[in-house]
Amino acid sequence: MGKRILLLGAPGAGKGTQSKQLAEKYDIDHVTTGDALRANKDMETEYGTPRSFMEKGELVPDAVVNEIVKAALEDADGYVLDGYPRNLSQAEYLTEITDLDAVLYLKVAEDELVERLTGRRVCSECGTNFHVKFNQPEEEGVCDECGGELVQRDDDTEETVRERLSVFEENTQPVIEHYRDEGVLVEIDGEQTPDDVFEDIVDVVGE
Ligand code: ADP
Ligand code: AMP
């Protein structure tokens, strides 16, 4: 059985960046509700489209994301879960459908999060993350991995970033406290270089 890793952290904490490396190292699936929703933005649900929530920085209804996660975990032999659970009701649902081997919290201060998110650039082809200052591609606007075009996410504007961070404080911070109370949360200093963050995570998860 592959490792089952839960990676918690605010928007911009580096979950996607680390998950990509972890999925490779442990040969497990990268399960990310954000990417899954972006790929199905205009899917009609009884609540409206994911887009209508995402462009405001609000959470997509639990029923929609729970379904995505259930299907993805059923198919996975080990996974790193990124972007879920984002509220206590999602955390309860997760407990019903799976066990976890490690619960990690990437901690980053709010000012740094704003700078990371507003400077993030994402490959439109393969989804690799870059940053205009902290993680520049070799050629501006072009993905190092696949040559795809780098774009800014619609929700990475300053105004929507502020809303997403306040949604995190209100809804997701209690999820972090829930795992802390259970005694399973391991806090990682997310303000180090990506390589140092990765080393700390591997120290916790093991070989
Ligand atoms: P999340 O998935 O948690 O929203 P990302 O992995 O997309 O976060 O990272 C957000 C932005 O910050 C990206 O532009 C990424 O290149 C950059 N970044 C990620 N990790 C670090 C780090 N340790 N130091 C500086 N910048 C980082
Ligand atoms: P992310 O890529 O993780 O930053 O997520 C982008 C957006 O997708 C969020 O601002 C939400 O609108 C939506 N989203 C992603 N994951 C979830 C989730 N677990 N619950 C509700 N909404 C989500």
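Start at 1 and count along the chain as shown; that gives each residue its number.
Glycine is no exception: its Cβ is also placed from the backbone N, Cα and C atoms.
Keep in mind the model is a prediction, meaning the values are calculated, not measured.
Under the heading ATP binding site, TrEMBL lists Gly12, Ala13, Gly14, Lys15, Gly16, Thr17, Arg120, Gln192. The AMP binding site annotation in TrEMBL covers Thr33, Arg38, Glu58, Leu59, Val60, Gly83, Tyr84, Pro85, Arg86, Gln90, Arg153, Arg164. Among the features that TrEMBL reports, Zn(2+) binding site is placed at Cys123, Cys126, Cys143, Cys146. Annotation source TrEMBL lists domain 'Adenylate kinase active site lid' at 120-155. Per TrEMBL, the feature region 'LID' maps to 119-156.
Distribution of TrEMBL features across the structure.
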residue : record              : CB count, 10 Å
Ala13   : ATP binding site    : 24
Lys15   : ATP binding site    : 25
Gly16   : ATP binding site    : 21
Val60   : AMP binding site    : 22
Arg86   : AMP binding site    : 21
Arg120  : ATP binding site    : 22
Cys123  : Zn(2+) binding site : 20
Cys126  : Zn(2+) binding site : 12
Arg153  : AMP binding site    : 16
Gln192  : ATP binding site    : 14
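With a threshold of 8 Å between CB atoms, the same-chain residues lying at least 6 positions outside the domain 'Adenylate kinase active site lid' (120-155) that come near it are 12, 16-17, 20, 35, 54-55, 57, 161, 164, 194. Here the CA atom of Gly16 (ATP binding site) lies 12 Å from the CA atom of Tyr84 (AMP binding site). Cα distances from Gly14 (ATP binding site) to the binding-site residues Glu58, Val60, Arg153 are smallest for Arg153.
There are 24 other Cβ atoms within 10 Å of the Cβ belonging to Thr17 (ATP binding site). Across all of the region 'LID' (119-156), the predicted model scores a mean pLDDT of 96. Within 8 Å of the Cβ centroid of the Zn(2+) site, not counting the listed residues Cys123, Cys126, Cys143, Cys146, the chain contributes Ser124, Glu125, Gly127, Thr128, Asp144, Glu145, Gly147, Gly148. Nearest neighbour of Cys146 (Zn(2+) binding site) by Cα distance, taken over the binding-site residues Gly12, Thr17, Val60, Arg153: Thr17. Ligand 1 lies within reach of none of the binding-site residues Thr33, Glu58, Cys123, Cys146, judged by a C-beta closer than 6 angstroms to any of its atoms. Closest in space to Val60 (AMP binding site), of the binding-site residues given as Gly12, Thr17, Arg120, Cys123, Cys143, is Gly12, taking the CA atom of each residue. The binding-site residues listed here are Glu58, Tyr84, Cys143, Cys146; among them, Tyr84 has the most other Cβ atoms within 10 Å of its own Cβ. In three-state terms derived from DSSP, Cys123 (Zn(2+) binding site) belongs to an extended strand segment.
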